Amino acid sequence: MRIDEWLSSRLAKTKAAGLYRSLKLPQAERTNWASNDYLGLANDKRLIHAAETALRRFGAGSTGSRLTSGNTAWHEKLERKIAGFKQTEAALLFSSGYLANVGVLSSLPEKGDVILSDQLNHASIIDGCRLSKADTVVYRHKDMNDLEEKLRAAQSRARRFIVTDGVFSMDGTIAPLDEIMLLAKQYRAFVIVDDAHATGVLGEAGRGTSEYFGVSPDVVIGTLSKAVGAEGGFVAGSKTLIDFLLNHARTFIFQTAVPPASCAAACKALDIIEDSRAKRRLLQSSVNTIKRSLVDIGFTVNGEDTPIIPVMIGDPQKAVQFANGLKEKGIEAPAIRPPTVAEGESRIRLTVTAERRLKDIEDLLEGFKLMGRELNLVK
């Protein structure tokens, strides 16, 4: 059997289950409710100007890893800015948040250790756990009783690591980081938090879940590609942690460095984010309006005080029909299906940005009302 025949058979099963994916170019006439650019910084002229300046000075690419030819003043400046923003001693850049998670989890825990991972953690955390020499134990989503029970059972292990998303990307829920930190202290565990969807959004200055709860986890991971509006990932923590990762995290050592232009854009974004309190309040107001209105229409809406709004559909094929119907009405909002979410929990995932105006929100709600009735999801 040729490889294409075998793969075609597997793809046919994917299509039959309503789980087939394909790439499509965005349409300018559609309003984008799928973007993670929460503060609208990706197209901000100040970021573009900063990137252009670095582009002319350093060129389009970084030419190598940070440990060979790819280290520039912009990389080191951005790491200092991230450390200051996250209020840690130091920070280390990765080419993506995905690589940051994999790098941390595959290098820090050792054989004989245990990682306690939230049930709904991002795929990059799951993959990092799989690559670790430590065992992984999954605890129920945000269930502190279950986490404590599993911590108690792990007391004979050499070390215990609790890893959690700060904001869960498909559910819009917030990890109870204050409670996690208390359990970590009680059971002598280290805490690793992935703040990809919280950075720039949660906390008075947008510093993420650490600021939101007033705590200091051992390891803070994040991305520069969401609210920051640039590209790349990072780890923030103690100088010793960063020195260790620089020497042991394979996804840092063997990666090509983030382009200097992206570093320059991210530096400018971090300056802007700390002064964007009014924009964050506007964003949360829009989120509250949309969630309240969708519930009034008759939809089941999950999530907490974050820009991620999961509108539950259930059946994956209906979710795809719903998303396609919204596209015809000028609305871009993706259907999220297994294996990204559990069976029976397919949904339309809305992400709200500070750029959305009242007319955009009105059009969105009208589109949901019409599609909900068309598919007999609401009355």
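Even glycines carry a Cβ here, placed using N, Cα and C.
The substrate site in Swiss-Prot is built from HIS122, THR340 plus one of ARG2, ARG10, ARG21, namely ARG21. For the pyridoxal 5'-phosphate site, Swiss-Prot gives GLY97, TYR98, ASP194, ASP195, ALA196, HIS197, THR223, LEU224, SER225, LYS226; the one candidate out of SER69, SER117, SER169, SER238 that the record lists there too is SER169. The least crowded of the binding-site residues ARG21, HIS197, LYS226, judged by other CB atoms within 10 A of its own CB, is ARG21. Comparing the binding-site residues SER169, THR340 by how many other C-beta atoms lie within 10 angstroms of each C-beta, the top residue is SER169.
Ranked by Cα separation from ARG21 (substrate binding site), the binding-site residues ASP195, HIS197, LEU224 are led by HIS197. ASP195 (pyridoxal 5'-phosphate binding site) sits 11 Å from HIS122 (substrate binding site), counting Cα to Cα. Residue environment of LEU224 (pyridoxal 5'-phosphate binding site) contains 29 other Cβ atoms, counted within 10 Å of its Cβ in all protein chains. Applying an 8 A CB threshold to same-chain residues 6+ apart, the list for HIS122 (substrate binding site) reads ASN101, ASP165, PHE168, SER169, ASP194, ALA196.
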